[in-house]
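**Student:** Below you'll find the structure I mean.
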Amino acid sequence: MGKARRSPPGHHRHCEGCFNRHCHIPVEPNTSCLVISCHLLCGATFHMCKEAEHQLLCPLEQVPCLNSEYGCPLSMSRHKLAKHLQVCPASVVCCSMEWNRWPNVDSETTLHENIMKETPSEECLDTALALQDQKVLFRSLKMVELFPETREATEEEPTMNGETSVEEMGGAVGGVDIGLVPHGLSATNGEMAELSQEEREVLAKTKEGMDLVKFGQWENIFSKEHAASALTNSSASCESKNKNDSEKEQISSGHNMVEGEGAPKKKEPQENQKQQDVRTAMETTGLAPWQDGVLERLKTAVDAKDYNMYLVHNGRMLIHFGQMPACTPKERDFVYGKLEAQEVKTVYTFKVPVSYCGKRARLGDAMLSCKPSEHKAVDTSDLGITVEDLPKSDLIKTTLQCALERELKGHVISESRSIDGLFMDFATQTYNFEPEQFSSGTVLADLTAATPGGLHVELHSECVTRRHNKSSSAFTFTCNKFFRRDEFPLHFKNVHTDIQSCLNGWFQHRCPLAYLGCTFVQNHFRPPGQKAKVIYSQELKTFAIKPEVAPELSEGRKNNHLLGHGGKSQNSLTSLPLEILKYIAGFLDSVSLAQLSQVSVLMRNICATLLQERGMVLLQWKKKRYSHGGTSWRVHREIWQFSSLFSKIKSWEFNEVTSMSEHLKSCPFNIVEHKTDPILLTSMCQPREQARESLVSTFRIRPRGRYVS
């Protein structure tokens, strides 16, 4: 017999399974209810008790945006949600375009020096973008990482492999009280010495000493240990009991002898001695890996199979506590409680054969092995001067060269490398900087803030390829601009595809004699339909469109002020009604709205009315700490702003500029060199009387006839 099915709360027995729009069943309590239509006129008809369910499906129901948790304040009909996501202010995309820009330490710097002598121009796009990338590069190069010898003596080097000293472990979470740290734990090198049983118990009872991150690894070890030890409990219980009884009798007789002698000793030393004897007895009878003689007791108590299983599960602990030798000669190879992933390093595994005899010297001189030889290192000391007397190294060029060497070659300068099994190359490089010591947080930008600016990177950039390791590269730059989802395709096409990738020779054309130092540059393209030019703003760190103002409008700026009610000068633009100002602001692009909002309070309020339609919202997160020591990230506030997108440009038009040949006629670097002195040709350098070789003369030289043997 089946169980009776109950209707959902609020539903009637008939209404639960009725889907007829023309249902005419009479209304009865607890059975059926009236059939109604949706009050939003979506066309649905249903029983009145299903109205709450219909609100979850009605396409005309007002619901918040799907990105309401990310800051979107708009509400709309349910059927408009998908279309709204394309223009949602909370649907933000970060541009991940990357490019490489290398330093110019090996190239000619005449052009870079001449460019920096001139006044910086917004129209020189490659120079402005290179200067911006140079600022980012200088803020990312840490001096201590490139030159570890220049670290300040007061600072300690960071611990390797994530190990921290005892002094650094203090805190609310995961900290260890210094008073509870056993004597076997060194605070300097972080190595764990062998602990006594009393120190283990104190450390185990201390809640602050627990390493919760490695709890799973500890639990796995102890579970295997318990499983292996459980096999030996039954066989070793009798033997351990007999030994304990005999040792207790010896301890009690010893105490009676001491009391009978009547020596003037206190009770506290006797109790300490008793506890020490008990611990000694436990150390010699237990089967734990840290107890003495555990392997000898296991050999007699269990069979070979259980003994080998115990070694497999407790091998690391037995090696650490000195019960068995390690498989490698390195001491302290396995540290209990520090089960960290070891970094895989490539080593040279070449072994010299027994019959190998190195005779590299005979490759050049057979008698070199007979000559006396001596070991001598080539170093800066061979110059006969001290390091202080050496000329100061260029800080910027030296830093960029060392960073470039590690990036392109894969290793630092002066790295030792093994040639074969017998020889190794050693190299040293001495640098003498003006500041002799650097702190751990010092970057190259901090040291070059007071020096005059210069251009130390290439003007042209390169695309990132698969051969280049961009994860740890200091010369890989990222756009990292935020845009709304509908703005991102326009940004990528206009900025990265049309402008940035075509700066070297197409969108922007430099003089052919630029390698000699000529700074002349031409921009070939402009937006269609208007007189404007493309610029790069250092303040906004992005490209923008700057319209060309007519001369008559520039002259009328002086008379562009009116007198207000208080006799003060009032700008004619601010005197317009708010509706007209908002209408005018609607024609501006996002980057122009961002600049207009910083003009005055009135313009800021006008631009604020366009934020939901043209702007985007970002969440600022803040880390919150609780009283128990835990942390979490919470939304601190919402930030509304405009993106850096300029006007949409589908196609470009050619600028009305003169030909580059016209510039070459007056280029100061285009110097014509007239050759007046005669120059000998190649054929004139040889002797004039020379036998002419021909095919006939070649055959005449050959002897005729046959040789008879």
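Placed from the backbone N, Cα and C atoms, the Cβ positions cover glycine too.
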**Student:** Which of these ranges is annotated zinc finger in Swiss-Prot: 53-112, 473-532, 593-652?
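**Tutor:** The listed stretch tagged zinc finger in Swiss-Prot is 53-112.
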**Student:** Could you tell me the mean pLDDT the prediction assigns to the domain 'F-box' (570-624)?
**Tutor:** 90
**Student:** If you run through the zinc finger (53-112) with DSSP, how many residues end up as helix, strand and coil?
**Tutor:** 16 helix, 13 strand, 31 coil
